[in-house]
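What follows is a short report on a single structure.
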């Protein structure tokens with residue numbers, strides 16, 4: 001009897017918070033500023049917004065790649081697409097990027113922060129110089145972009161989307177300053193969300209926590225920083241056997257993106273004109289994605305979350 005009662009209460013609890021009512025038409029004509037749009041997840045997000053008819057301003061460090069993405073977005077039907085090449089390591093770049101977007105689009109409905117800056121593994125990555133650079137690109141620039149765009153997002157009752165990493169939730173070897181920057185993102189935007197709620201500012205904040213990518217460059221960087229075998233045994237089980245439970249054989253030369261099951265608890269419903277936070281349903285296991293070509297459905301589901309006021313992860 002107790003089991004049935006608890007099951008019923010749990011079902012009511014999730015039914016109260018779960019509201020999957022995404023309307024693709026809500027993104028038609030939306031004004032979107034997307035960073036890190038030259039490749040990977042950022043590139044796929046740009047294409048998804050383009051298909052849905054959003055007005056786009058794309059930014060990244062590499063202008064040639066940006067031009068290619070802009071051309072593809074126009075072919076996919078984006079009414080307006082602009083780009084600005086910017087190096088987020090420069091303290092002046094974030095404000096100029098937001099100002100460019102405001103001038104071109106007349107305001108913002110979505111600010112999607114997706115850019116990253118990597119670093120060499122090992123002791124070099126822990127140097128003050130590397131840490132300062134990484135914090136500027138992966139954290140401080142996010143704060144600067146948000147601060148400059150927040151007045152426009154407040155006027156439009158828009159959404160702020162932060163693409164983060166599992167390394168911002170779980171400390172990992174050979175990623176010291178990078179992990180610190182991602183932890184800082186979680187703390188800053190988690191606190192900002194509560195501040196906006198207290199001030200009755202109707203801007204939704206979405207934290208997207210992505211898993212690890214299996215890349216040859218990352219493996220080589222780690223191998224150069226330790227003398228340990230590549231596949232050490234843990235409790236008698238080879239590491240290769242452990243990871244095989246989560247990562248199936250990948251497409252040759254493909255990059256793997258594995259989602260994390262870290263989702264956390266739902267937030268209470270708001271009394272404002274629209275609900276500010278919900279949680280994505282979690283199936284309780286890791287779901288690997290191999291190659292960007294077959295990753296598109298996953299990115300589309302991510303984009304659905306970007307159009308809704310979800311908060312992925314715990315606070």
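Each residue, glycine too, has its Cβ placed from N, Cα and C.
Here Swiss-Prot flags 1-15 as signal peptide, drawing on sequence analysis.
Here the Cβ of residue 182 (NADP(+) binding site) has 23 other Cβ atoms within 10 Å, regardless of which shown protein chain they belong to. In the three-state DSSP reading, residue 182 (NADP(+) binding site) counts as helix. Under the heading NADP(+) binding site, Swiss-Prot lists 36-62, 87-88, 114-116, 178-182, 211-217.
All protein chains included, residue 165 (substrate binding site) registers 25 other Cβ atoms within 10 Å of its own Cβ. The substrate binding site annotation in Swiss-Prot covers 165.
Under the heading active site, proton acceptor, Swiss-Prot lists 178. In the shown protein chains, 25 other C-beta atoms lie within 10 A of the C-beta of residue 178 (active site, proton acceptor).
Residues or ranges marked as region 'Disordered' by Swiss-Prot: 221-286.
What Swiss-Prot records for 277-286 is compositional bias 'Basic and acidic residues'.
Listed in sequence order, 35, 36, 37, 38, 39, 42, 66, 85, 86, 115 are the same-chain residues six or more apart from residue 60 (NADP(+) binding site) with CB atoms under 8 A from its CB. In the three-state DSSP classification, residue 48 (NADP(+) binding site) falls within a helix. Taking Cβ-Cβ distances under 8 Å and a sequence separation of 6 or more, the neighbours of residue 54 (NADP(+) binding site) in its chain are 27, 28, 29, 30, 31, 32, 78, 110.
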